[in-house]
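A.B. asks: Before I ask anything, let me first share the structure, which is written out below as structure tokens.
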Amino acid sequence: MTNIRKSHPLIKIVNESFIDLPTPSNISAWWNFGSLLGVCLILQILTGLFLAMYYTSDTSTAFSSVTHICRDVNYGWIIRYMHANGASMFFICLFMHVGRGMYYGSYTFMETWNIGILLLLTVMATAFMGYVLPWGQMSFWGATVITNLLSAIPYIGTNLVEWIWGGFSVDKATLTRFFAFHFILPFIISALAAVHLLFLHETGSNNPSGISSDSDKIPFHPYYTIKDILGLLIMLMMLMMLVLFSPDLLGDPDNYTPANPLNTPPHIKPEWYFLFAYAILRSIPNKLGGVLALVLSIMILAIAPLLHTSNQRGMMFRPLSQCLFWLLVADLLTLTWIGGQPVEHPFIAIGQLASILYFSIILILMPVFGTIENQLLKW
């Protein structure tokens with residue numbers, strides 16, 4: 001009799017994805033982030049579900065309902081802060097995961113990579129809409145500023161913005177629809193994640209060396225299940241330290257003031273995980289140009305496979321490209337810092353330089369360095 005996990009139609013899928021999956025024997029901790037993202041998604045859906053039981057998506061009661069959750073609902077405060085800071089952990093894992101893909105050349109799995117970009121965009125959209133829901137000052141003005149960017153689209157821009165708002169300003173209709181989208185999108189993300197895995201398992205995982213690992217594979221369970229659980233425990237420990245010791249560390253104090261359309265906060269800025277893109281947007285004086293740069297800062301990932309000139313897949317044996325990669329990381333951290341600063345003298349120039357450097361590294365320097373390394377290897 002065959003084992004039920006190998007014969008049952010449903011259990012067989014789980015078995016082939018998480019138990020008997022042939023996995024390269026040399027993948028490092030950088031390959032942990034996929035499973036961590038899955039855990040983050042489940043955590044966000046569960047905490048979000050409990051928050052949705054008490055939240056009201058009406059402009060007159062939204063702010064009060066969030067206060068009510070924190071003050072009066074049993075353990076409401078911990079659910080709310082786990083959800084808010086869980087989003088930060090989600091993005092930390094996302095950035096690490098994408099960075100790993102860039103470093104080790106995982107973008108050569110085209111289908112997996114493109115679905116990953118789609119996932120990144122969907123998660124960003126979900127997080128943005130979630131930030132609007134508490135209906136604090138930064139929620140309201142963030143929604144106003146970011147949705148207003150669409151008005152830069154020629155001809156249809158203004159109509160598009162009013163269509164998204166459901167009126168002539170961010171109001172009750174906007175909040176209600178954002179709540180509806182914020183509720184449904186995580187389930188769409190789950191479906192996309194399943195497709196992401198489906199395509200990944202067609203090719204098998206990449207590994208740090210970038211060389212085919214067909215000759216040296218081990219079963220996913222118990223080796224990588226244990227390794228993933230270690231990563232999970234570290235992440236949960238970091239999350240709970242954030243939630244229990246400094247839950248408002250990554251938030252904006254302005255969001256504890258109820259939304260007021262008549263009073264603009266001095267510095268409108270999004271959550272920390274969007275600051276790099278926000279800095280790129282602000283560094284271009286033209287509205288349409290800024291919006292295009294904002295979109296390109298993420299969509300540039302889609303052409304990563306076309307910009308790959310090296311004969312080697314990953315950067316493990318390419319010291320020049322490694323220097324460039326870490327320069328890119330430093331540049332993104334600089335952009336994140338600039339995005340949170342006011343628009344005044346030194347910061348404007350730094351932001352513009354960092355934005356130029358960001359696009360230069362990806363579009364020009366990386367392909368050039370790849371070609372140089374190919375030539376050096378011929379010596």
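Each Cβ is built from the backbone N, Cα and C atoms, and glycine gets one as well.
Features from Swiss-Prot:
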- His83, His182: heme b b562 binding site (BINDING)
- His97, His196: heme b b566 binding site (BINDING)
- His201: ubiquinone binding site (BINDING)
- 33-53: transmembrane segment (TRANSMEM)
- 77-98: transmembrane segment (TRANSMEM)
- 113-133: transmembrane segment (TRANSMEM)
- 178-198: transmembrane segment (TRANSMEM)
- 226-246: transmembrane segment (TRANSMEM)
- 288-308: transmembrane segment (TRANSMEM)
- 320-340: transmembrane segment (TRANSMEM)
- 347-367: transmembrane segment (TRANSMEM)
A.B. asks: Are the transmembrane segment (347-367) and the transmembrane segment (288-308) close enough to be called in contact, which here means at least 3 C-beta pairs under 8 A that are separated by 6 or more residues?
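C.D. replies: Judged by the Cβ rule, the two regions touch, with the required three close pairs present.
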A.B. asks: To the nearest whole angstrom, state the Cα distance for the pair the residue listed as 'ubiquinone binding site' and His83 (heme b b562 binding site).
C.D. replies: 30
A.B. asks: Below 8 angstroms Cβ to Cβ, which residues of this chain, lying six or more residues outside the transmembrane segment (77-98), approach it?
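C.D. replies: Those are 30, 33-34, 36-37, 40-41, 43-44, 47-48, 50-51, 66, 69-71, 116, 120, 123, 127, 130, 235, 238-239, 242-244, 247, 250-251, 271-273, 301, in sequence order.
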A.B. asks: Could you say whether, by DSSP, His83 (heme b b562 binding site) belongs to a helix, a strand or a coil region?
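C.D. replies: Once the DSSP labels are grouped into three classes, His83 (heme b b562 binding site) ends up as helix.
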A.B. asks: Cβ under 8 Å to the transmembrane segment (113-133), counting only same-chain residues 6 or more beyond its ends: which ones?
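C.D. replies: Contacts of the transmembrane segment (113-133) (Cβ under 8 Å, skipping residues fewer than 6 from its ends): 55, 57, 62, 66, 87, 90-91, 94, 97-98, 101, 106-107, 139-140, 142-143, 146, 174-175, 178-179, 181-182, 185-186, 188-189, 192-193, 195-196, 199, 270-271, 273-274, 298-299, 301-302, 304-305.
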A.B. asks: Against which stretches of its own chain does the transmembrane segment (33-53) lie, if we need a Cβ under 8 Å and a gap of at least six residues from its ends?
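C.D. replies: Residues 69, 79-80, 82-83, 86-87, 89-90, 93-94, 96-97, 100, 182-183, 186-187, 189-190, 193, 228, 231-232, 235 contact the transmembrane segment (33-53) from elsewhere in the chain.
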A.B. asks: Would you identify which of the binding-site residues His83, His201 has the most other C-beta atoms lying within 10 angstroms of its C-beta?
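C.D. replies: Checking each of His83, His201, the winner is His83.
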A.B. asks: Taking the Cβ of His196 (heme b b566 binding site) as reference, which residues of that chain separated by at least 6 in sequence fall under 8 Å from it?
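C.D. replies: Long-range Cβ contacts: Thr112, Ile115, Gly116, Leu119.
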A.B. asks: Does anything in the same chain, at least 6 positions from His182 (heme b b562 binding site), have a Cβ under 8 Å from its Cβ, and if so what?
C.D. replies: Gly48, Thr126, Met129, Gly130, Leu133
A.B. asks: In which DSSP state, out of helix, strand and coil, do we find His196 (heme b b566 binding site)?
C.D. replies: helix
